[in-house]
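Visitor: Got these off TrEMBL a minute ago, pasting:
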TRANSMEM  B:20-42  transmembrane segment
TRANSMEM  B:62-83  transmembrane segment
TRANSMEM  B:90-109  transmembrane segment
TRANSMEM  B:115-133  transmembrane segment
TRANSMEM  B:140-161  transmembrane segment
TRANSMEM  B:196-215  transmembrane segment
TRANSMEM  B:243-264  transmembrane segment
TRANSMEM  B:270-288  transmembrane segment
TRANSMEM  B:295-317  transmembrane segment
TRANSMEM  B:323-341  transmembrane segment
């Protein structure tokens with residue numbers, strides 16, 4: 001199943017080792033997030049770290065920055081074995097993290113933020129001394145950014161530079177950049193890459209986490225790939241790997257378990273999305289997205305999380321303002337409310353059940369009956385609790401929802417993840433459902449619950465409904481979908497035949513650039 | 001490894017356990033307040049008479065308590081209807097004053113002929129709803145904190161009240177800033193039992209309607225969803241904005257009605273003292289009743305009882321206002337604590353903090 005670990009390329013000849021991790025493992029409950037991971041980093045090197053969501057990158061970096069403790073494994077910094085007891089210990093060891101979400105005090109200026117960070121150092125240094133250090137770091141790193149306006153008024157790229165300055169000010173020799181370009185425009189990203197190369201040339205060791213192949217090729221010296229907690233491609237020189245190697249390593253190359261019903265005859269077009277755009281506060285989440293889906297079909301939309309999936313789903317449902325056109329069974333949905341779209345048979349299984357689908361403190365029975373109450377099917381004005389309970393009892397039985405004691409009077413938050421998802425499915429996959437948008441419908445579920453969700457989605461399709469399956473789990477997409485598209489930076493792409501294979505999906509995910 | 005303290009919601013608190021907790025807390029609170037009162041010089045023998053007989057058991061005492069509790073029920077509804085949708089109405093007094101002003105205006109300008117009294121009550125509700133409207137719209141459109149806006153709107157309402165009492169509404173035959181006394185057709189009927197009046201009927205009807213709407217109507221169902229998780233409610237197609245606005249306006253109307261009931265039921269004129277402390281009392285009662293309308297009358301009676309007892313302690317034993325407030329505060333504190341421990345459990349955990 002897993003590719004054999006390939007030979008490790010030597011670090012830059014003669015460069016001293018900055019960091020070595022041997023056999024790091026971390027388990028959360030039953031889930032082995034990191035499984036004996038080795039990693040090495042040389043001074044003056046940019047080491048790119050690739051991997052899908054949930055591959056274990058963040059866990060590895062959290063171990064490095066002292067947020068988690070590894071269950072097993074050893075860490076050496078500059079040749080000496082260390083134990084990283086907490087975030088401050090990591091800082092003392094010269095490890096600097098630049099998180100994806102910046103940790104800056106927005107109303108403070110950049111300078112004030114830097115002073116604040118320096119105040120965390122042992123023996124609070126005097127202001128003048130900190131000023132001197134800031135000046136020295138700015139000069140050395142050639143990071144130019146206005147330090148005297150409130151951070152809130154700076155662009156994301158400028159805030160990021162302040163974060164990097166902060167790490168350098170605290171004496172970081174090992175710099176971890178967690179998906180630093182995810183929030184940047186292409187031009188800003190190029191500037192960041194140049195900066196990263198400069199910092200490496202000054203002797204800093206840099207771990208560069210990214211999803212984008214272009215950046216690996218442009219700025220990386222070596223590259224490693226994590227998949228499902230294992231290092232599947234360890235420390236290869238960037239010149240020696242091809243795009244194909246990387247996408248294969250990221251998403252695996254085993255044969256799909258089985259492609260579903262390749263010979264089924266598709267029904268009439270159910271959903272037609274054309275030129276859909278979603279913008280919010282200047283940022284484009286979805287651009288010129290097109291998609292079509294037929295009755296009796298599952299259309300899988302693969303992609304790394306945060307590439308516009310949620311915004312796309314919410315735009316189709318009518319929760320978000322969007323440009324372009326969405327048509328359901330030939331009927332233009334522009335201007336229709338969520339309730340009106342639902343009346344036409346649109347259903348939504350959101351990625352985050354507790355945040356977007358369920359009212360956690362409301363009873364199980366009332367959560368199950370929510371759509372019926374809204375449409376007035378359980379009474380035009382009055383809602384009779386007995387009818388709500390009756391409906392709930394029927395659903396509990398037909399979906400096998402466990403933990404529904406006392407006629408479903410208990411709040412729904414007390415259910416396990418799998419049972420909570422069954423509540424959502426019971427509500428959304430009713431007889432009148434025409435198009436079901438299912439976003440990561442099996443996230444966080446165990447194997448049995450996953451299988452159950454898949455079975456129910458296939459049943460809905462067999463009844464003639466259509467399913468738009470948005471998922472970060474490629475296995476799920478490959479196993480269930482009749483057609484597959486990939487969303488990347490808010491754009492939807494696919495191959496001409498609508499059935500990209502694993503390698504093609506990998507390339508589409510990496511955005512081709 | 002860090003040691004952490006976490007709060008965990010109890011998995012469906014048992015009714016017996018909750019009842020025992022509340023009873024124990026109430027006993028503890030009463031014991032502590034009694035100790036304070038005794039230390040302040042109230043004779044031990046008089047305590048039962050003052051705190052129980054004169055407040056709840058003697059007909060005259062109970063009438064005083066019920067009269068005081070009447071507007072409190074409406075004030076508590078004003079808090080609860082909003083709080084159920086996580087809208088903190090800190091301006092109940094402001095809405096109450098507007099209600100009292102509007103009712104008084106109807107009375108003073110002789111509007112409505114034979115329908116004068118009903119019109120006064122409708123005007124009171126309209127005034128309260130109107131006064132909360134800006135806070136609701138600012139919150140919904142611009143995300144401005146309702147805590148600030150409702151609070152400041154109260155200050156504006158008070159200035160308006162003063163302006164009217166020193167100006168157009170002032171009773172020319174009297175030296176104090178009060179309106180003229182209402183005519184007979186502008187007073188709520190009394191039942192020959194102390195000052196208890198038709199306002200009690202209005203308050204109980206309002207409580208019953210609120211309980212019905214929240215428990216049995218589609219509106220109440222939607223309100224539960226919108227209050228608990230507005231994002232999910234929107235995704236399900238519930239008109240979250242309309243439900244929110246309707247609930248807030250209903251809350252404001254209840255506060256306004258409280259003002260109307262006070263001027264037409266007990267004061268018979270508009271004064272500066274109308275509805276003082278109603279924001280605090282309304283929120284406390286709503287919180288103790290867990291925003292359930294059905295519990296509000298009972299809790300309102302209890303809180304009103306504390307005030308009635310406090311008033312007579314002040315008069316007859318020279319106990320200072322501060323002591324009375326301390327005793328009331330102790331009882332409220334233990335009750336709120338009991339509510340907390342029936343909802344959550346405190347847990348010490350050793351482990352890694354994510």
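Cβ coordinates come from backbone N, Cα and C, glycine included.
So where do these features actually land, and what's packed around them?
Guide: Same-chain residues lying 6 or more positions outside the transmembrane segment (B:115-133) and placing a CB less than 8 Å from one of its CB atoms are 78, 89, 91, 94-96, 98-103, 105-107, 150, 153, 157, 185-188, 202, 248-261, 264.
Through the fold, the transmembrane segment (B:243-264) approaches residues 70-72, 74-75, 77-82, 84-85, 87, 89, 92-93, 95-104, 107, 117, 120-121, 123-133, 135-136, 140, 182, 186-188, 197, 199, 202-203, 206, 210, 219, 222-223, 226, 230, 233, 270, 274-275, 278, 282 of its own chain, all at least 6 residues removed from its boundaries and within a Cβ separation under 8 Å.
Long-range neighbours of the transmembrane segment (B:295-317) within the same chain, counting only residues 6 or more positions beyond its ends whose Cβ lies under 8 Å from a Cβ of the stretch, are 37, 41-43, 46, 50-51, 54-56, 61, 64-66, 68-69, 72-73, 76-77, 80, 203-204, 207, 281, 284-286, 288-289, 323-325, 327-328, 331.
Long-range Cβ contacts of the transmembrane segment (B:323-341) within its own chain (Cβ-Cβ under 8 Å, at least 6 residues beyond either end) map to 21-22, 24-26, 28-30, 32-33, 36-37, 40, 284, 287-288, 290, 306-307, 310, 313-314.
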Visitor: Any contact between the transmembrane segment (B:270-288) and the transmembrane segment (B:62-83), i.e. 3 or more CB pairs below 8 Å with pairs at least 6 residues apart?
Guide: yes
Visitor: Could you tell me what the rest of the chain brings near the transmembrane segment (B:196-215), counting residues at least six beyond its ends with Cβ under 8 Å?
Guide: 63, 66-67, 70-71, 73-74, 77, 80-81, 84, 121, 187-190, 223-224, 250, 254, 257, 261-262, 264-266, 292-294, 296-297
Visitor: Short question: which residues 6 or more past the ends of the transmembrane segment (B:62-83) have a Cβ under 8 Å from it?
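Guide: For the transmembrane segment (B:62-83), the list is 55-56, 89, 92, 95-96, 128, 193-197, 199-200, 202-204, 206-207, 210, 247-248, 250-252, 254-255, 257-259, 261-262, 265-266, 275, 278-279, 281-283, 285-287, 289, 291-293, 296-297, 299-301, 303-305, 307-308.
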